[in-house]
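**Q** Dropping the structure in here first, questions after.
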């Protein structure tokens, strides 16, 4: 992601005070996280179970990987079970600590990367020397950690932050020289991430729009390579997953559940039946959103805003998936700042457009700093963690879906070529 370098701001008393304030924000966020932490670890236990099956019983025992059991079922491809074997080898406590540490580090890295991009500081040494970068990166880290999807990641022991990290690392490493000769193959890590969980396949749209067929090839190599490796080591489990488990979408939970922030979830929350007609509506809406996302990718890349292009792809991925639980939306850590980038791009005289952007940001903050269940309770639901009793409560809980759709449309309007011409004249 290209950075046009600008001169760093030297330290001042104001700069050190701002840096200290940012550090205090991180401490406050950690205190909030610790005080509200509920170690449910539902998802972590699933990963640990899958890895343990590989370690303890080998290929024969892994044939039972997808069999019914007490607790949540294992729903991931066999390649994921191979990787989770390393997690199980660490032990439950060490593995859990690794997940928490990765999430904390991920928040800091994402915030720092976004702050460096915003201030156009180029080299990291220039960024660290700039008090604006330090204060904003620290405050951003605190803001990311307090996002609902990130808080739930700590509670559930979820893997989505790690998958997000693999995808962002793919974009960060692309074009970096290795030993002066080898360049990192763009798409490879994304393909491997899709081998763990299928949804990152949506990032193929990013490379397709850019006509980067080499990256598409590497993405395919990473994905099909993961399948081939798992099939070679765990053939019985692979056959079971690809022929029986994958078509059974009910294993991951009902799409009508209040916590499902996807297009399909929204349609069911609006009262449509789970029927073939609803599936057609879902498909049409998904294709329309994919077209909007493709425009955003093309126009944002042309405007040197690759973060926006990547965010648009991620938001599309979450919207069109049959089930996107609210804790899957860890990408809001990038998408919300990208809304700020887009608003900043709009000419100051276009007050209505800017106001619309801030309304989307405010609504998104409500949707993603709170949770669908919290919003349902605020709308009158009686029991926390239970399905709301009225359609109105379900619709309120679906605010995040509407915000995701609004983000795609806003980015398309903000980065369309005619808007660029207006900005140059402003």
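Quick reminder: no glycine exception, Cβ is built from N, Cα and C everywhere.
All TrEMBL annotations are machine predictions without curation.
Keep in mind the model is a prediction, meaning the values are calculated, not measured.
Here TrEMBL flags 12-34, 97-119, 131-150, 186-209, 215-242, 280-302, 314-343, 355-372, 392-415 as transmembrane segment.
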**Q** Do at least three CB pairs under 8 A connect the transmembrane segment (314-343) and the transmembrane segment (131-150), leaving out pairs fewer than 6 apart in sequence?
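**A** Yes, the transmembrane segment (131-150) contacts the transmembrane segment (314-343).
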**Q** Looking at the stretches 97-119, 215-242, 280-302, 392-415, which one shares the most CB pairs under 8 Å with the transmembrane segment (314-343)?
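**A** Highest pair count goes to 392-415.
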**Q** Using a Cβ cut-off of under 8 Å, list the residues of the same chain at least 6 residues beyond the transmembrane segment (186-209) that approach it.
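**A** Contacts of the transmembrane segment (186-209) (Cβ under 8 Å, skipping residues fewer than 6 from its ends): 76-77, 79-80, 83, 159, 163, 166-167, 169-171, 173-175, 215-227, 230, 290, 293-294, 297-298, 309-310, 313-314, 316-318, 320-321, 328.
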**Q** Quick test of the contact rule: Cβ under 8 Å, at least six residues beyond the ends. What residues does that give for the transmembrane segment (392-415)?
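**A** Answer is 258-259, 261-263, 265-266, 269-270, 289, 292-293, 295-296, 299-300, 302-303, 305, 308, 311-312, 315-316, 318-319, 326, 329, 335, 338-339, 342-343, 345-346, 353, 356-357, 360, 363-364, 366-368, 372-373, 375-376, 378-381.
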